[in-house]
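In what follows, a single structure is set out as structure tokens and then discussed.
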Amino acid sequence: MGESAAIHHHTLPAAPPNLAMSRGPTWTPAEQLQQLHYCIHSNPSWPEAVLLAFQHYIVVLGTIVLIATTLVPRMGGSPEDKARVIQTLLFTAGLNTLLQTALGSRLPTVMRSSFIFIIPVLSIIKDFSDQTFANEHERFTHTVRTIQGSLIVASFINIILGFSRAWGHLTRLFSPVVIVPLVCVTGLGLFMRGFPMLANCVEIGLPMLILLVVGQQYLRRIHHRVDIVVERFGLLICIALVWAFAAILTVAGAYNHVREVTKQSCRTDRSYLISSASWIRAPYPFQWGTPIFRASHVFGMMGATLVTAAESTGTYFAAARLSGATPPPAYIFNRSIGLQGLGLLIEGIFGSIAGNSASVENVGLLGLTHIGSRRVVQISTAFMIFFSIFGKFGAFFASIPLPIFGAIYCVLFGIVAATGISFMQFTNNNSMRNLYIIGLSLFLSISIPQYFVTNTSQDGRGPVQTAGGWFNDILNSIFSSAPTIAIIIGTLLDQTLDAKPSINDRGISWWKPFQHKKGDVRNDEFYSLPLRINEYIPTRFH
């Protein structure tokens with residue numbers, strides 16, 4: 001009895017029941033989203049594809065108009081100059097998007113001008129503010145030519161990073177623990193382009209946001225045919241309705257006795273683009289004159305080009321997820337960042353006022369429409385190039401009030417941010433190490449850029465103020481970029497905090513096969529080059 005009692009005394013208690021299973025279903029990690037109607041290499045019908053492509057054109061147009069509206073008046077440009085700048089930005093966006101989708105990342109991503117170039121461009125504007133010019137147009141062209149020269153030289157940063165395979169080696173250090181904050185802040189870091197821009201004209205922006213959410217998510221449940229139309233083209237329908245509403249308010253005189261800032265945001269006739277744009281004009285190389293090269297401006301621009309590589313990396317991860325592709329392997333980043341540098345060179349040659357990066361808003365549109373087709377984005381380049389040449393038609397759509405785009409971005413940037421959260425399924429969500437790294441990276445990636453942005457003056461002077469203006473521009477650009485901060489902090493912590501003991505918690509076993517061309521059979525399916533181009537390119541780039 002005593003022996004039996006002793007044995008009974010040391011018997012381990014029964015394992016507690018798995019309450020999670022009794023409370024409802026659980027979901028296993030899914031490498032590809034199952035609710036996409038068309039993935040990266042499947043295509044809708046041609047009429048649908050053309051309409052969807054036009055939708056991509058409208059979305060990217062908002063960012064291009066916003067950058068031109070911000071910079072051209074400060075450069076001394078007239079409405080005619082602004083129209084020409086928008087045409088040039090659209091033209092180079094079309095060329096670079098075609099280049100990336102055909103030979104670069106091969107993902108359905110639009111390449112458009114990046115806001116990060118505003119910092120070095122404002123520095124150039126400030127340097128010329130004290131100089132004497134014959135007229136404002138001369139000051140404008142002199143500034144553009146200086147930006148041109150700086151972009152041409154700075155483009156070699158990304159060309160070298162990509163084609164030397166240095167950027168691909170950096171991405172091999174990433175794990176899902178790093179990708180979560182990187183992709184999240186790629187969307188969240190642009191929050192100032194969301195509701196704050198909407199609030200510049202609440203009577204237009206707020207109806208747009210409500211109509212987009214209600215119409216695209218609730219009204220589509222009425223009938224199956226309505227479901228398809230509203231889900232895929234709801235954004236275009238909402239823009240048309242609210243734009244018409246804004247035009248009615250303008251004609252009715254609702255903004256006749258308001259502040260000038262309100263008129264600029266709300267009225268549909270304040271951009272002066274339609275009257276200023278030429279009927280037919282094709283952007284051409286060195287259209288503003290011979291580029292001007294100044295070392296201080298070139299170094300300042302290099303900081304921005306480096307940041308665009310980080311921003312595009314986060315956007316590519318989100319685009320792969322929302323188009324049904326596997327995560328981009330390292331060799332794809334080498335190819336895409338190298339070609340992005342080539343795109344910067346093209347923009348410098350054609351006289352753009354800002355360099356390119358992958359469009360976050362257009363990636364969000366992939367998730368909104370559930371269509372990740374590469375062909376749709378390639379067709380959108382035809383609209384960009386067409387409307388950049390036939391200026392009057394392009395100016396008509398460019399006159400859409402910016403608060404409408406602010407409402408759109410609230411939804412699209414949110415989708416990209418949520419896509420970043422979805423990468424957490426490939427890590428151990430119960431690991432305190434992982435929660436610490438993700439949490440700290442997320443918070444600092446939003447907090448640090450916010451500090452730099454709020455402490456930057458109207459003429460571009462940021463918190464870093466040393467005797468070297470170019471050095472200030474580099475640091476202010478880097479620390480104003482949320483994705484760049486996420487890469488720096490996330491990679492540093494993930495590689496130094498119990499990296500080897502936590503290899504499974506970090507999701508490395510899932511992640512590693514995607515980093516090599518032969519690691520997953522689907523890599524070649526999604527990222528191979530078209531028309532047997534592989535045979536003529538060194539193997540390290542495909």
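Glycine too: its Cβ is placed from the backbone N, Cα and C atoms.
Bear in mind that TrEMBL entries carry predicted annotations, made automatically and left uncurated.
Quick look at what TrEMBL lists:
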type     : residues : note
TRANSMEM : 54-73    : transmembrane segment
TRANSMEM : 85-103   : transmembrane segment
TRANSMEM : 109-125  : transmembrane segment
TRANSMEM : 146-167  : transmembrane segment
TRANSMEM : 173-191  : transmembrane segment
TRANSMEM : 198-218  : transmembrane segment
TRANSMEM : 233-255  : transmembrane segment
TRANSMEM : 376-398  : transmembrane segment
TRANSMEM : 404-423  : transmembrane segment
TRANSMEM : 435-454  : transmembrane segment
TRANSMEM : 474-493  : transmembrane segment
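Using the rule of three or more Cβ pairs under 8 Å, pairs at least 6 apart in sequence, the transmembrane segment (404-423) is in contact with the transmembrane segment (54-73). Among the listed stretches 85-103, 109-125, 198-218, the one sharing the most Cβ pairs under 8 Å with the transmembrane segment (474-493) is 109-125. Most Cβ pairs under 8 A with the transmembrane segment (233-255) among the ranges 54-73, 85-103, 109-125, 435-454 are made by 54-73. Across 54-73, 85-103, 109-125, the stretch most heavily in contact with the transmembrane segment (376-398), judged by Cβ pairs under 8 Å, is 85-103. Long-range neighbours of the transmembrane segment (54-73) within the same chain, counting only residues 6 or more positions beyond its ends whose Cβ lies under 8 Å from a Cβ of the stretch, are 81-82, 85-86, 89-90, 93, 110, 112-113, 115, 118, 121-122, 125, 140, 193, 197, 233, 235-236, 239, 271, 353-354, 359, 361-362, 365, 369, 376-377, 380, 383-384, 387, 397-398, 400, 402, 404-405, 408-409, 412.
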